[in-house]
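For reference, the structure discussed in these notes is given below.
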Amino acid sequence: MTSHPGLRLAAESVVLILATFAATALLFALFVAAAGAPPTGVFYDIYLGAFGSWFSWQNTLTRAAPFMLAALCTALPARLGLLVIGNEGALVIGGVAAAAAGISLNGVAPLAVQVGMFVAAAVAGGLWIAGALALRHYRGVNETISTLLLNYLAIALLLWLVGGPLHDPASLNKPSTPSIGSANMLGDMPGMSVHWGLAYGVIACALLFVLFRYTTFGFAARIIGGNVRAAQLNGLAVARITLIVGFLAGAAAGVAGMVEVAAVHGRANESLVAGYGYVGILVAFLARQNLAMIVPVAILLGGIEASGGLLQRHFELPDATTTVLQGTLFMLLLASESLRGRIFPIRVQEAN
Amino acid sequence: MKDHRTSISRRRLLQAAGGLGGLGLVGGLVPTAVWAADTLSIGFIYVGPKDDFGYNQAHAEGAAAIAAMDGTKIYEQEGVPETLEVQKVMESMINFDRTQMLFPTSFGYYDPHIKKIAPKYPDVKFLHAGGLYEEGDPENASSYFGYIDEAQYVAGTVAGHMTQTKKLGFVAAKPIPQVLRNINAYTLAARKVDPEITTQVIFTGDWAMPVKEAEATNSLVNQGVDVITCHVDSPKVVSQTAAERGAYVTGYHVDQSPLAPQQYLTGAEWNWGEIYPRFVKWQKAGKDWPHLYRGGLKDGFVKTSDYGPAVTDAARKAGDEAIAYFMSGEGVIYKGELKDNRGNVVIPAGQEREQTDIQLEKMDYLVEGVIGSTSA
Amino acid sequence: MEGAADLGWWGVPLALLAGAVRASTPFLFVSLGECLTEKSGRINLGLEGTLVMGAMIAYGISFLTGSPWLGVAGAAGVGLVMGALHGVICGLPRVNHIAVGIALMIFGVGLAFFLGKPLIQPSAPQLPGLALGAWSDSRAVRAALNVNALFIIGVILTFVMAWMFRSTRIGLAIRTVGDSRDAARAVGLDVKRIRLLTTAVGGAFAGVGGSFLSLYYPGSWNEGLSSGQGLMAVALVIFARWDPIKCLYASLLFGGAGALGPALQGVGISTGYYLFNATPYLLTLIVMIAASSRDRALAGAPGDLSINSSS
């Protein structure tokens, strides 16, 4: 065994993750076998559908893009020790705001429209979550429950807006906002059929990683996350930092909504409510709220989702199969936290 | 099941090189299905479960009819939302299963999803349910649809004969043209039987809201309604709840008589089992088909359920006459003078709107005799 | 029969009452279960998964055996197991309770959809209703008073639970564990075991709530059956301030709110149903804001409940 505590901790993380994956794979194999499908064939199809060809990679990366942005909505407040699950609501609000901006800016140069949609989505999503964290900070309203409720309110607001004030009379059979115009769409990145949302996701994760790792702001956030009282005693602007973190978190999810509008649908409608926000929570926890880990974890989950169709078509497994796999992985990973510090036992003082 | 597994292992051998090579980054696409050259691979995509007693089941019955033909192999995927997901599912079916025809069956799959993917795969035929094709859309895409309001007209005729309270009930998802056409046709037919009949409509707000559908059905029965029909994705809850409360049921999408054996009168059904094999025959014969392919009872796009045991002879006779009216090719549902339920004339006297009339696809009114409002 | 038609506007409050009684039962069971769990200082966000599993299992058992009550028992059993699973994982050190709840929700919903695939089509025997309104000539009155036994059981359980918390040793033990684990340990209570039991029993309640959805109202198994009743239970318990009797009132209110839209359309008012649908959530948020304050834990909350601390 290594003697350096940092290395030991890192080694332990790797062992825990691998053990969790192995246990999940074993349980899942038993599960699909019980359902009458051959586990080796199922695993091969998961590999094939997720990473087995260039098409599969593009499929996986496209799905991973919104997961990255949505995951930030949980992972950033987690730096402060807060648990936000309002990802879906912030995404929806961001999408609506982007569509509204796109429509009202119609006629301007496409780049300006895109910037306008980006800003509108980030501000709307940002205020949405910052509001919840303001309630938390100033009135002690639990942020987990309030953001859960905000999800429902956001969806109701979306349905009302696309059926009423923002309704496009031409969208007869699926109530939607008017189109933002095909010239203003984001399109795919060069050389692949993956939209620009992926770049947004990777860049956002990288920038925020740097912000939280290497700046005074990030250091202050860590202190608040460690102990709010101590942070206040040290004269840190807890309120300001909390609100900024909430804004950044909501902005990330809001931009995910903007990508849905500007790269996929071209308008806002009920298809914005696709559950990406809830997968984002899962991604954040699987990444252990580590901003650098969000990208690979999102790609992994994107891969699992990309392969779901093959399991249905080739083994007649239900569409919920991948949900079972995700749920099992999530639970085992959380349970594995309790083994932390026990695999390569070290003294507590040393570890800290 | 058996042939699935052998095909998998065969495929695995074939793909060992291509798929695994270079972590898949450089691995090209290897044919995944090894079928005889004349076997046609066809993909079906559903938005919900394919045995839902409703919309998806109607399409799955069409898929089953194709599967029963010689030289076809079908691939089905259900629970696919109208997001990027459906784009990727279509591409995945083309890439992995070599499907040459795709039936993405949900209405919202067309724009933007099929319109975006179809140009990338010019050799694959995309057949969409909904009748949305417009000039300038991809060459290899087409959209078909049935005038199911004709079948609803027949059901409304039967309902008009069977109601005692002169009140019919309609549980609907959203006030969109397709739904309004059904409500209006149903009401017009019933009021032709007896002008005192009214149809109370309740919108639930979405395509699958079981609790709200049950609540709406109960609310209708409480208001004195004694015949109920619906336009939601799965009529199962409405049919069962209505039958339990002692109301008659007319069905939608597929035959719901097993759910309400005594109370079921008739129903408006899709007939995709008749239509889908036509496309396959044309494809095999190398023939083209129109980008917009539509029809009603006469053309076999829609049908009505067999009459239930409660239907009286008079109602049966009137229903058969209504069917004959459309089978003759002369049937017209919407004729002037037609007023909406706010008193405005929507079709002036002397005018007729035949089924192909584009104006009908923009319907935004409820006809006189419908209690309800189209505003969200 | 004509009487029903003549009710007109009076039909709206009656429909609300009827809707409240019909639609409140799942809310009631899930919120009672969550209330029990939270009183012991633990939060289970996974009851949505338990509810959906309960609905699926109940429907399956009723279909296979022909006995809906056996289905209810099966739902309680599967709820107990899923609650215990939550309890065991949360009993491990350094595990985030809320995250475990979300994981259990994903797992439960996924498993229910997976196993429930073959149950979408068949019709299972349903729980009977009690015709308490047989005396009336009015359809609407009879329908409103056609009550399911599970609702009555739920109401009885509400008062039993309230009495238990107030006047029994078990209730005192649960409250002590919930308010301060140190105080509980000091008087010799086994904190882990009590929390495991309350979480397991809470899960069983949620399972029964699910069985009501599939076996009575709306009385069918499909993947859209739950519209988030299980997830809402957590908010509902806060709305009810951890008081079982208020859970009953809140459940009736939430159930009635769901009936408002269709009832109003029944008399010709049909605008804004999306906003109607959102009222329960908005109300809960307002209550939470009103009941919270910066320096104090949420008023009425168990002191050791994890939603009061920042993790």
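The backbone N, Cα and C atoms fix where each Cβ goes, and this holds for glycine too.
Note that TrEMBL annotation is computational and uncurated.
Positions annotated as transmembrane segment by TrEMBL: A:60-78 (among others).
Residues annotated as transmembrane segment in TrEMBL: A:90-109 (among others).
Same-chain residues lying 6+ beyond the ends of the transmembrane segment (A:115-135) with a Cβ under 8 Å from its Cβ atoms: 73, 77, 82, 84, 86, 89-91, 93-102, 105, 108, 141, 143, 146-147, 150, 154, 180, 184, 242-255, 257-258, 261-262. What TrEMBL lists as transmembrane segment is A:115-135 (among others).
Taken from TrEMBL, the feature transmembrane segment applies to A:147-166 (among others). Here the transmembrane segment (A:147-166) has Cβ contacts under 8 Å with residues 84-86, 88-90, 92-93, 95-96, 99-100, 103, 128-129, 132, 175-178, 268-270, 272-273, 277 of the same chain, all six or more residues outside its ends.
Residues annotated as transmembrane segment in TrEMBL: A:194-212 (among others).
The feature transmembrane segment is assigned by TrEMBL to A:233-256 (among others).
The transmembrane segment annotation in TrEMBL covers A:276-304 (among others). Listed as Cβ neighbours of the transmembrane segment (A:276-304) (distance under 8 Å, sequence separation of 6 or more from its ends, same chain) are residues 46, 49-51, 56, 59-76, 78-79, 85-92, 151, 201-202, 205, 208-209, 212-213, 253, 256, 260, 322, 325-326, 329-330, 333-334.
Residues of the same chain lying 6 or more positions beyond the ends of the transmembrane segment (A:233-256) and with a Cβ under 8 Å from any Cβ of it are 65-66, 69-70, 72-77, 79-80, 82, 84, 86-87, 90-91, 93-95, 97-98, 118, 121-134, 136-138, 197, 200-201, 204, 208, 217, 220-221, 223-224, 276-277, 280. Sequence-distant contacts of the transmembrane segment (A:60-78), counting only residues of its own chain at least 6 positions beyond either end whose CB sits under 8 Å from a CB of the stretch, comprise 50-51, 84-88, 90-91, 125, 129, 133, 143, 192-195, 197-198, 200-202, 204-205, 208, 212, 225, 245-246, 248-250, 252-253, 255-256, 259-260, 276-277, 279-281, 283-285, 287, 289-291, 294-295, 297-299, 301-303, 305-306.
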